[in-house]
Each structure stands twice: as C-alpha cells, then as structure tokens.
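K.L.:
Before I ask anything, let me first share the structure, which is written out below as structure tokens.
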Amino acid sequence: MLRFLVLATLVLYGHSTRDFPETNARVVGGTEARKNPWPSQISLQYLSGGKWYHTCGGTLIRQNWVMTAAHCVDRKMTFRVVAGEHNLSQNDGTEQRVSVQKIVVHPYWNSNNVAAGYDIALLRLAQRVTLNNYVQLGVLPAAGTILANNNPCYITGWGMTKTNGQLAQALQQAYLPSVDYATCSSSSYWGSTVKSTMVCAGGDGIRSGCQGDSGGPLHCLVNGKYAVHGVTSFVSSLGCNVSRKPTVFTRVSAYISWINNVIASN
C-alpha cells in the first residue's frame, strides 16, 4: 500500500500501491518569491475562533472565480480568498479579501480515494476583485495539453518549508521540472497511484510541495509563456521531498471543459 499526503493543512489518506499520498503540501527547498511575480496566486483561509488561518493556495481564473483542490474545501467551514497576498503575517497593502459565496467540487471527487483524481474545485467569490499589478488572472492551458518531460515549472505557496515544519509567512517558489506520465507511473516512482489526469513535477529529493501548498498553482513555461498546468494535490507520506516521489498535481488541461461549464452555469 502506497502512502500519500494531501497538501492542505488537514491530512487525508487515499488508496495507492506502495506508500500513501499526502494532500497537505508546502514548498520545500524553495526561495522567497519576489513581490509579486505570481499575481494569480491566492491564499485560501478559513475562520476559526474569530481569526482567519491559511489552509491552501489557489489560482484566480476569473475576477470572481478561484480554482483550488477539492480536498481543501471538504470540510464545512467559512472561507475567504486573499488576492494580492505576499506575507501572511503582515499587511502588505496589496491584499484584497473576499468571501467565498459558492463552492463547486468536481462531482467525481472522493475524499476517501485521493488517488482516483478529480481533486479540483471552483470557488465563486462574493464580489469581483480588482485587477492590478498584484492581482491578475492565471492563464490556463488549452484542453488536452500534455507537458513534455523536464518542462520548466515552478510551484508556489505558503506551505511548510520542510516536512513537519512551519508554514512560510512569505510566498515561496521552487523550480520543479515536470516528470512525464510514463516515468511518474513507473514502479520506481508512483506506480498506478498516478493517473493520466495528473501532472508530476520534481522528485529530486530536495524541492517539493508540502502541507499548506495544496490547491495552489504549478506554473509551467510553454512556448515562452507561463500557464497554470497543475493544482497541487499530494506528496508521499514518507515526507514532502522524497526522491522519485514527485509532487502530484491535478492536470488542469484535463478539466478545461468542466471549468468552463461550471462558470457558465453559475
């Protein structure tokens, strides 16, 4: 049985073949991002005891829609989105805080079987954010786009900087080149845990996603332009930065029709 960890600040366990994926990820081996090279990145926060806490990342894809991981919004909580965020512990003067009005989770998502895929959700905001230098829409790939092996990509987020460590206060980024499906699904990597509707990146044992990065974007450079090709989903429960256990993302290009249909009908 393969153990994996979802990368929100809550842990889910899914089924696999050698060790469980964990869906609670933060950037390990990364560096602080400049303010703000990734303006589509948002912080998804929940209300508890009168205070707001970061739980996941996400991508602004419309002025009133955010894309994140389904496992980030499994629990019934009061959520808000903070766009234009850089340092969670201080007011940067660029933040826009907006309540989440509606949550649409992919209908095939099963929190008891993370490895089945469909770890994607859309959040409709109570109001539109204002676009500026610090808040921009993420560019999505064309439907069906498949990344080449070793394609340049960056993961971003406020997740833990090491396994069982602390959440980052400033937005982090780490270079995670893509790992093609044939390699990532081989027995020495993730095996059958990884599906064709997922994207793998990293796996060098140094840099990875970790708890708190879940739902956030994988930005990949294709034809000279960055687009959001992945939604951070899970890592190995053996640790965030385990060699040959790349961070696994929901492949955005597999869900373009679903995304468009949800937005059009809501």
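Glycine too: its Cβ is placed from the backbone N, Cα and C atoms.
Heads up, here are the entries from Swiss-Prot:
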type	residues	note
ACT_SITE	HIS71	active site, charge relay system
ACT_SITE	ASP119	active site, charge relay system
ACT_SITE	SER214	active site, charge relay system
BINDING	GLU85, ASN87, GLN90, GLU95	Ca(2+) binding site
DISULFID	CYS56-CYS72	disulfide bond
DISULFID	CYS153-CYS220	disulfide bond
DISULFID	CYS184-CYS200	disulfide bond
DISULFID	CYS210-CYS240	disulfide bond
DOMAIN	27-264	domain 'Peptidase S1'
SIGNAL	1-16	signal peptide
K.L.:
Tell me the Cα distance separating SER214 (active site, charge relay system) from CYS72 (disulfide bond), rounded to the nearest angstrom.
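P.N.:
One finds 7 Å between the Cα atoms of these residues.
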K.L.:
Quick one: which residues besides GLU85, ASN87, GLN90, GLU95 have a Cβ within 8 Å of the Ca(2+) site's Cβ centroid, in sequence order?
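P.N.:
Same chain, not in GLU85, ASN87, GLN90, GLU95, Cβ within 8 Å: VAL82, GLY84, HIS86, LEU88, SER89, ASN91, ASP92, THR94.
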K.L.:
Recorded positions SER214, CYS220, CYS240: which have a Cα within 10 Å of CYS56 (disulfide bond)?
P.N.:
SER214
K.L.:
Give the distance between the Cα atoms of GLN90 (Ca(2+) binding site) and CYS153 (disulfide bond), rounded to the nearest whole Å.
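P.N.:
Pair distance, Cα basis, whole Å: 28 Å.
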K.L.:
What does DSSP call CYS240 (disulfide bond) in the simple three-state scheme?
P.N.:
coil
K.L.:
Roughly how many angstrom lie between the C-alpha atoms of CYS184 (disulfide bond) and ASP119 (active site, charge relay system)?
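P.N.:
Counting only the Cα atoms, the answer is 18 Å.
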K.L.:
Using only C-alpha positions, which one of HIS71, CYS153, CYS210, CYS240 is spatially nearest GLU85 (Ca(2+) binding site)? These are the recorded positions in the record.
P.N.:
CYS210
K.L.:
Look at the recorded positions GLN90, SER214 and tell me which residue has the greatest number of other C-beta atoms within 10 angstroms of its C-beta.
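P.N.:
Result for the most crowded candidate: SER214.
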K.L.:
Of the recorded positions HIS71, ASN87, GLU95, ASP119, which one sits closest to CYS153 (disulfide bond) when you measure Cα to Cα?
P.N.:
ASP119
K.L.:
Nearest of the recorded positions to HIS71 (active site, charge relay system) by CA-CA distance, picking from ASN87, GLU95, CYS210, CYS220?
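P.N.:
For HIS71 (active site, charge relay system), the spatially nearest of the recorded positions is CYS210.
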K.L.:
Can you tell which of the disulfide-bonded residues (CYS56, CYS72, CYS153, CYS184) has the fewest other C-beta atoms within 10 angstroms of its C-beta?
P.N.:
CYS184
K.L.:
Using Cα coordinates, what distance in whole Å links SER214 (active site, charge relay system) and ASN87 (Ca(2+) binding site)?
P.N.:
17
K.L.:
Using Cβ-Cβ distances, find the residues under 8 Å from ASN87 (Ca(2+) binding site) that belong to the same chain and are at least 6 apart in sequence, listing them in sequence order.
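P.N.:
For ASN87 (Ca(2+) binding site), the qualifying residues are GLN169, ALA170, LEU171.
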